[in-house]
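Since the structure comes first, as structure tokens, the remarks are kept for the end.
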Amino acid sequence: MSQDENTALAALGALLGYVGAEAATTAPFEHLLWPQRHLSNFSLRAVPAVALLMPMGGPFHKAALETFDTLHRHGLLFASPRRGHMLGTAFFTEIGWTYNVHEPGKMPEVKETRNCLWAPAVTLLPVPEMDDGDRGSPEKRAEQGHKKPKAPVRARISVSHLTFSRATPDDMASDIPFVREDTRRPGLRVIAAIFVAESTAIVVAAVVAGVWRTPWALLWLAPLALRLLSAVFAVHREPLSAPGPDTSPSGPCPDFQVHCPRSNGDFMVFTGPPAVVLQFMRHYAHPVRSRPRETLQLLVVVALGAVFPLGLVVSALVMPLPLQYVWFGYQMFLVVGLHIARYSRRVAAVSTHAAIADALARGPGAILFGHRRNAPETIRVDLTVTYHNRHADGRLAVERLLGRSRGKPEGVPAKHHGS
């Protein structure tokens, strides 16, 4: 009977690995290779989501192969030092959006936003609830006394205007919220996030070691050790550019219109000195090339991709039957988490993007951003958002903002983002 159970568990484990691998994405490896960006906003309120949705002991073998496929296409696997291109890989993802610059006397040229920090951050801003007068069908609003029914609300559209500038001494001395992003070794919050993410594995390993007195408990701790190793030797990033003698604008600052994908539907405009704004469209946070660090990170990706296949083989051939049930049950928990994490925004709550969105939503509509509050490269970002009930109204608001239309769109001004 035990042999039949062993065979059945092995077959179910293989099936579970297939189902889980289909649900797993490459996002966990992007977070692994860039912890300074994706794990730096860890806090106590994020503990449940991180513990339940972000372990890496599950079936990530397919996602690891996809990560390696991209690295191979960019010439990063077997090339000599400083060869290959980081942009578009898990080291430095590309969001796929575009922008153009609006300057007097110049034709707008469409360019890639590359890994622009601010565009994903703005998409995380909370959208305020509609007023009672905006709800319901046109007929219902007409019955309530409206002489002319409004057009139905098909989608809430936001128009976000970010104004960038160098932070002044007064800004640095004020109570404007400061959002920090490390570009070298990750901070303690990143280490804490990793421990919490693998906390369920730590608990299971402690139970296995205490009950069965077996070294196989280390199998549950392998992802924790690998992630800590990856974080300690994380690839460094290019920092913000320090102000130079030619960075002060001599005239009005240009506008940078960011083109959001149609599935998003929102509008964004950035305004500021090109030296301040364009660094986020170009090389800010690009990996600093280091072949030893890059090689170590690739080895960690391989090892994490091998954790599930190795566990499946070991559980079927070596582990006692009760321990097989423990391993299988833990993998079921991880696979369920993979399916939820695939569509959940809670995974992004510990990123720098979320830190920016939280600070803008709760603060006075302005933040300071940099590596140290009083550093010369620290910048100030002011945000104004209006909300509209039709895509056409949002587009008209952008045209008016860019000075290309005299129309006055119908919009609902933001109450918490500096308007």
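Note: Cβ is positioned from N, Cα and C throughout, glycine not excepted.
The annotation region 'Disordered' is assigned in TrEMBL to 127-152. The compositional bias 'Basic and acidic residues' annotation in TrEMBL covers 133-146. Here TrEMBL flags 190-212, 218-235, 298-319, 325-341 as transmembrane segment.
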Worksheet entry | Spatial neighbours of the transmembrane segment (218-235) far in sequence, C-beta under 8 Å, 6+ residues away | 32-36, 55-57, 91, 185-186, 190-191, 194-195, 197-198, 201-202, 204-205, 208, 287-288, 290, 293-294, 296-297, 300, 303-304, 307, 310-311, 314, 327, 330
Worksheet item: Who are the chain neighbours of the transmembrane segment (298-319) in space, where the CB to CB distance is under 8 Å and they lie at least 6 residues beyond its ends?
Response: 6, 9-10, 13-14, 17, 20, 29, 32-33, 56-61, 63-65, 67-68, 71, 77, 90, 216, 219, 222-223, 226-227, 229-230, 327-328, 331
Worksheet, complete the sentence: Other same-chain positions with a Cβ less than 8 Å from the transmembrane segment (325-341) and lying at least 6 residues past its termini are 9, 12-13, 16-17, 19-20, 23-24, 52-55, 57-59, 200-201, 204, 207-208, 219-220, 308, 311, 315, 319, 347
